[in-house]
Structures are given as structure tokens and as C-alpha cells.
Amino acid sequence: KDLRPPVISLALSPGSGLFMAVLIQMTIAGKSFIGGNMEITLAANLTGTSRLWQDPAGIPKFSLKNCHIALISVKTNLPNSMLPKVMSKFLNSTLQKVLPGLLCPAVDGMLNLVNVKFTAMTSEIPLGTAGTLQYALLNPPVTTETSIELDLKTILHQKEGKEVDLPMDQPSLASLPPKRDAATQLILSANFLSAELSILAASFNLDISNNMVLGLPPLVTTMLGNLIPEISTVLPPSQPVVIEMREAKAPVVTITPDKSFVQLFSTAEFRVSPSDSAPESLFVLDVHSNLEVQFAIAEEKLQLSLALQRAMGGLHHFSVFQELPLKGVLADIIHVAYVPSIN
């Protein structure tokens, strides 16, 4: 007839799993064994322990080990004179038999809800259209007095299904940041983030044209001629230039206590793009960009935001002219067009 919200206390059982104590208060209504309607108001304490283990698929699972019900108080709407001690004992023993079958399945149901979360944690996560990420337990879960530690294996697949090799450099627990009370912490290595960005690197490719660098000198052959007089005589005048940015090597993530950085290794091919003929390559620069990275959490996803610190370049093939004047312009173009595209 009436079930009050339960009062739940949880504690971790070192080396085992979870201990729970649940205070339950309810009213049961029905026909009395002496005729008429009868109400039983009771308070009971449910205690249970659950084991945290690893199933064959590498997924953490909670399973109920035991469940006990202890009656705290039992009251009825019948006068005490109508409830002899023999009947009172009969009522108590009946409740002791009935309540576990009524209440313990609810604990199982709660654990199953947690297990569904674990299953979702280990399902494949799409990384846009570039590939997938999946977590699996590397070792059985470890339960201490203050926390549950899950040692996860990260599995990265490229779009075509090839698995990405990841360094198995497991940090010692002593080297990890201190755990915060009542918080879940997921610790990811710089090597893992580098590997994840390597899968996404193909989506960093960008063709930069004049309409994408507003506020900067026009991206035309005249600008290149002014910067590099050695080639001004061979450039067609006032023709649009397109810079094809392509990732040449896997990005590298570096994490320090103060700042974190992403290094990008790209090529920047400068092409003349006349309206009446096919684009013609002028030269290619190797570009090494150092970007500061800011991390944020949004809707259970890790977000990275990059900001250019500096860009260095070098000519990809032999040439008679110096590329130094281009470095400043290229850094501005990367800042205005390329980094926002990656973000």
C-alpha cells in the first residue's frame, strides 16, 4: 500500500566489491487471518554484498553474493489483545520468508542498471568517420577501501578496420594524480591521445584559399612575389594561390603539470590556381606546428582546443630562394584558417 523511499548506505569491500545497507519502510494491506482488513507497517534493514568481477568479454560486472533481511519493527492496525504472541511470531517468521523474495530482486535490478553502464563503456565509440575507440578491462577490477580501480585497455581501429599499435607503458599508481573524494577519474596517457589524433589526422587536411584568410594580405601571386623577389619574375600577376595543408606524420601529444601541447607535422604546398587552367605547384614547405592544448569535458566527452604557439617551416625540395619571409605569413595563415578548422 505504501513504500517510502529507501535510505541507502554504500561502502566498498576491499578485494570484493560493494556492501550495501538499505532501510526499507512499507505498509502491506490485505485480508486478516481473523477476518476483515489488516495493515502491517514494517521497517526492515536489507544488507547485501556484491562481487565485482570481469566477464569473458572483458566487461566489469556486479553480481549479488548474498542478501539478508532483518526486521526492525512490525506494527498492525489490530489491537495487541487480538495479536497473541504465537500469532506475532508467526507473522514475523512469515515476513522473514516473504520479504527476501520481494526485496532482494530489487537489488539485483539496481546492479543490472550499473552493469548496463559498464556494457556501454566497453562498446565501440565512433571517432567521427575516421575510426573507432573501444575500452576493455586489461586486468580484473581492484576494489580498495576508498575506490574501484579499472585498468583499461584502449583499442583503436582505423576506418578500414586496422588496429592502431599503442605503447603498453602502464604508469605506476604512485605516479598518478591523487584521487579526489566522491569523484570518478579517468586517466588517459599522452601516447593514447597521440594515437587517437593520428586516426583523425586525415580530417585535418585543408585547402586554404583567399576567402579563408580575411584580415591578412591577399593570398595571391603578387603577395608571394613581394615576399620572395627571386620568383616574382616567373609568377603570373595577381593570380589566386591555394595552400594545400596535408598531415605528413602522426601528431604527438606532450603533457606536463603546467601545460599540454600537440605537435603537428604537415606539408604546405603552394599552388597557383588560375581560373582558366589546372592548378600548378610552386613549392612545398615542411611545417612543424606547436600548439597549446586546453582540455574540457562536455556531455561525457573529452574535448581538445588548440592554439598556435609557433610554426616552423623548411623547403621540401631544392630551391634558389630563401623561405624565411614566408614563415611569418604562414604562421598567420595557420592561426587564422588551419587551427580553427582542426578545432
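Cβ atoms here come from the backbone N, Cα and C positions, even for glycine.
Keep in mind that TrEMBL annotations are predicted by a computer and have not been checked by a curator.
A quick note: this is a predicted structure, and the numbers were derived from the prediction, not measured.
Marked as domain 'Lipid-binding serum glycoprotein N-terminal' by TrEMBL: 2-112.
Annotated domain 'Lipid-binding serum glycoprotein C-terminal' per TrEMBL: 219-312, in sequence order. Per DSSP, the domain 'Lipid-binding serum glycoprotein C-terminal' (219-312) is made up of 11 helix, 61 strand, 22 coil.
Annotation comment: TrEMBL describes 7-28 as transmembrane segment. If one looks beyond the transmembrane segment (7-28) by at least 6 residues along the same chain, the residues whose Cβ comes under 8 Å of a Cβ in the stretch are 1, 39-53, 62, 65, 72, 103, 107, 143-148.
Using DSSP to sort the residues of the domain 'Lipid-binding serum glycoprotein N-terminal' (2-112) gives these counts of helix, strand and coil: 31 helix, 59 strand, 21 coil.
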